[in-house]
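For reference, the structure is listed below as structure tokens.
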């Protein structure tokens with residue numbers, strides 16, 4: 001979902017010429033909340049949020065809740081202080097994922113040039129459609145999603161991905177905004193710095209210290225001036241502020257699973273040795289998931305015994321993950337050591353979907369996720385063999401990072 005700042009003065013209508021605007025950004029509005037309201041229509045119009053328990057965080061908030069300052073990623077306790085009447089609904093990732101898959105199927109029926117960015121947003125390139133205009137396609141998309149799934153979607157239409165994404169944020173809630181190519185400069189010039197991709201708090205402060213407070217201020221500088229202030233990232237920022245974004249809509253065949261299996265020349269008869277292999281495999285799966293910005297809903301193990309009989313066992317998670325800690329925990333519980341030992345052991349994760357972070361680890365304050373991401377950084381710099389999980393201690397079900 002789009003969370004970037006929007007300008008209060010930004011116009012909701014910028015013209016009707018969509019002849020050079022083939023890029024659409026479709027973003028579902030308060031997606032998790034809207035899905036839940038399908039089963040709870042009596043809550044519509046009330047401040048509602050989807051999230052964890054008291055120690056959890058808000059995952060999605062209705063616009064009524066947002067009017068009190070409640071936002072996604074906010075601790076539930078803080079959200080309830082801001083909005084004492086806030087109605088919390090438990091997260092049901094499986095339900096949202098199912099609706100998301102159907103929404104993406106709808107989008108894919110309009111063009112094969114579809115790039116899913118997250119569970120609730122995607123880019124489309126409709127330049128190949130000779131019968132319908134981008135605005136007509138966007139209108140049909142919104143109508144079909146509403147008719148088939150009962151949830152609202154906002155669409156931004158522009159010449160580039162960056163501007164289309166900003167436009168969808170300004171179209172919310174439940175709207176459509178076209179930014180004609182000829183109006184791109186005027187549209188961007190009205191925006192705050194934070195609306196530009198890559199401008200975080202630190203960058204914004206550095207720019208404001210130099211009197212640069214809006215996108216129009218950036219455009220008064222030369223490319224070289226901004227590079228001197230921010231380094232190479234300044235070049236990209238200057239280009240985006242000036243409407244330059246050559247990135248195409250990237251389509252890729254989604255991976256259905258990620259896994260690793262190993263055959264042993266000697267039969268493995270010690271359960272700890274088998275689990276040690278599984279731990280390494282879990283870390284490999286998790287690393288590859290994070291590298292692809294994916295999370296998995298299902299963990300499967302494969303075991304081949306001394307008689308060459310192959311057995312697979314699977315477990316579906318309550319929430320998707322890309323953390324080795326969780327993958328290994330589930331895989332380990334699925335293991336039943338066969339008599340005679342193990343010839344092959346494998347761990348695989350399935351039912352993949354886009355996701356930027358692992359399963360919430362509130363119990364340990366996120367330390368597990370931080371540790372695994374630190375391993376990613378070390379491996380990226382020194383190679384995948386530079387560091388790995390600690391060995392399993394004899395008789396222990398735990399692991400050491």
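Note: Cβ is positioned from N, Cα and C throughout, glycine not excepted.
A 10 Å cutoff on Cβ-Cβ distances gives residue 121 (active site) a total of 22 other Cβ atoms nearby, all chains included. The active site annotation in TrEMBL covers 121.
The local packing around residue 120 (Mg(2+) binding site), expressed as other Cβ atoms within 10 Å of its Cβ over all shown chains, amounts to 26. Feature annotation from TrEMBL assigns Mg(2+) binding site to 27, 120.
Positions annotated as domain 'UmuC' by TrEMBL: 23-200.
Under the heading site 'Substrate discrimination', TrEMBL lists 32. According to DSSP, residue 32 (site 'Substrate discrimination') sits within a helical segment. Cβ neighbour count for residue 32 (site 'Substrate discrimination'): 29 (other Cβ atoms within 10 Å of its Cβ, all protein chains included).
Between the C-alpha atoms of residue 121 (active site) and residue 27 (Mg(2+) binding site), the distance comes to 4 Å. Taking only the Cα positions, the spacing between residue 32 (site 'Substrate discrimination') and residue 120 (Mg(2+) binding site) is 9 angstrom.
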